[in-house]
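Asks: Before anything else, here's the structure in question.
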Amino acid sequence: MSHVLAAVAWPYANGPRHIGHVSGFGVPSDVFSRYMRMAGHDVLMVSGTDEHGTPIQVQADKEGVSPRELADRYNRVIVEDLHGLGLSYDLFTRTTTGNHYAVVQELFETLHRNGYIVPKVTMGAISPSTGRTLPDRYIEGTCPICGYEHARGDQCDNCGNQLDPIDLVNPRSKINGETPQFVETEHFFLDLPAFAQALGKWLDSREGWRPNVLRFSKNLLDDLQPRAITRDLEWGVPIPLEGWRDRGDKRIYVWFDAVIGYLSASIEWARRSGDPEAWRRWWSADGEGKDARGYYFMGKDNIVFHSVIWPALLLGYDGEGDRAGEPGRLGLLNLPTEVVSSEFLTMEGKKFSSSRQVVIYVRDFLARYDADALRYYIAVAGPESQDTDFTWAEFLRRNNDELVAGWGNLVNRSISMAAKNFGAIPPIDPAGLTEADEALLATARAGFTTVGQLIERHRQKQAIGEAMRVVGEANKYLSEQAPWKLKAESDKPRMGTILHVALQVVSDANTLLTPFLPHSAQRVHELLGGTGVHAPMPSIVQVEDLDGGPAYPVLAGDYTVGAKWESVPVEAGRALATPKPVFRKLDPSIVDEELARLGD
Ligand SMILES: [Zn+2]
């Protein structure tokens, strides 16, 4: 057994999440975590909503609410969506907690003390008519990179590049249209070049990464520049330095605080578990966590934050950049083992866009279809290693032809036939097993090795393909053995053997599919006469802020229960439940209905 951290990208709390988001990081990280737990590892799966930064402030201004109110609203929406998908977070929290603020400030202070955070005089915008600082979000202009005319002072929403207000062509105040004046102002910068060497050494020692992620990350090292980590903004974590702490107009930049969430959420989980030091088992590089592994899941637009910036913060905290230094009070911390990045999901040939309504929100999807139908689609046809297009026609086909006609049919016909003819799981005939029986059982057992190894190496598409191959073999076996023809009393022992073998393989295939399809796996377990929890589910729990802030909802769960990653012999004589379909067959008319809902 080992300690495995599943660090899942933090969704930004400025709106509901669409299925592109959960295809990239949500479902794959859950499949991985569920499998690793079943295989006996001690998994800590953490994330939360990312709630600071200009976009939330801008949206809140537009709606006339406070940024906290806006964040509260979408934090709840996102928590409910992830819960609906059955994502087994040990803790899904948020960045507006007292705990998160304290951990962010601890990292900031230590990096500053070690000399990796340096003040720099930059050109900041002020309003010429009032003489006051003009926050980034109130400055608009043309993006110097892509030419988009409504880029914001801190970021271009068209090309996604981070900007400084002074970079904008034709900058103007969004308040009154005047041209801002640029004056000298002080901000803090992370000295990224001081980590180039340590990062290069670390990246060279990585094994098993997707080659494009590793190549992309190494290329980033060629051009590391100091990066601003504070902004002219009122919404965010205060700067924990003398003379800065109480300034209302400057805050830590949202990307700096958000990546620290992996650590702060682990600490929050430990504080809530009753053992406040328990997080060290996944993080302490020189102590209990020294053999722990950490896997980070995200979309490809976030690679830089996980393969360069977060490791740089950790190296600086550990005192291992060019300027050395002393580790902070949390001790030496582990760097990521692997950065697992996915590609993008497009929608009927178009890029997801909420403004053009080319979007399917998770909650709308779950209102009309089952969570496992989406989870299945993401696993077999998601953007694991290349950009992938979601189409309703393909969703319908995968659901009806594979999930319903393949797996659902195998479950249904083997359990129905056994229930009808034996009322329970039939015994194996003393005459023994045939070669065909043995071959099918061996195929199913071998699945535990192949499927498990593929999930561990983040090849989930191949992994579910192998699990479904076992299902296909079992369906073929039933057709060939045709137990329904063995109606004579003298044939009944052989019929029982065939059904016993089929039910054993249903049980094994169900275990192999559990990380992918946890909701239906629980139902199949019960149809086979099983009791208790087979696939544990997260719950939404309203908790108090540990440091005196307002209460908030989190996702949490007890995942120590449930099936293990092994073949469990089915017991002859165990009563079977009354069979009912595990999956819903969809009417082909849904394709046109859904296309009509899409804009454009
Ligand atoms: Zn741009």
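A Cβ is built for glycine as well, from the same backbone N, Cα and C atoms used for every other residue.
Since this is a predicted model, take the numbers as computed values, not measurements.
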Asks: From the ranges 111-115, 131-135, 206-210, 351-355, pick the one that TrEMBL records as motif ''KMSKS' region'.
Replies: 351-355
Asks: When you get a sec, could you say which of 11-21, 44-54, 451-461 is annotated motif ''HIGH' region' by TrEMBL?
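Replies: Within the set 11-21, 44-54, 451-461, TrEMBL attaches motif ''HIGH' region' to 11-21.
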Asks: By Cβ distance under 8 Å, which residues at least 6 away from the ends of the motif ''HIGH' region' (11-21) in the same chain are close to it?
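Replies: For the motif ''HIGH' region' (11-21), the sequence-distant neighbours (Cβ-Cβ under 8 Å, at least 6 residues beyond its ends) are 47, 49-51, 53, 55-56, 59, 70-71, 74-75, 77-78, 81, 94, 299, 344-347, 352, 354, 359-363, 365, 374, 378, 390.
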Asks: Mind checking how the motif ''HIGH' region' (11-21) divides into helix, strand and coil residues in DSSP?
Replies: 3 helix, 2 strand, 6 coil
Asks: Using a 10 Å radius around each Cβ and all protein chains in view, which of these binding-site residues has the most neighbours: C146, C156?
Replies: C156
Asks: Within 10 Å of each Cβ, count the other Cβ atoms, then let me know which of the binding-site residues C143, C159 comes out lowest.
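Replies: Among the binding-site residues C143, C159, the sparsest Cβ neighbourhood within 10 Å belongs to C159.
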Asks: Would you list, in sequence order, the residues of this chain other than C143, C146, C156, C159 that have their CB within 8 A of the centroid of the site's CB atoms, where the site is the one recorded for Zn(2+)?
Replies: P144, I145, G147, Y148, A151, D157, N158, G160, N161, L163
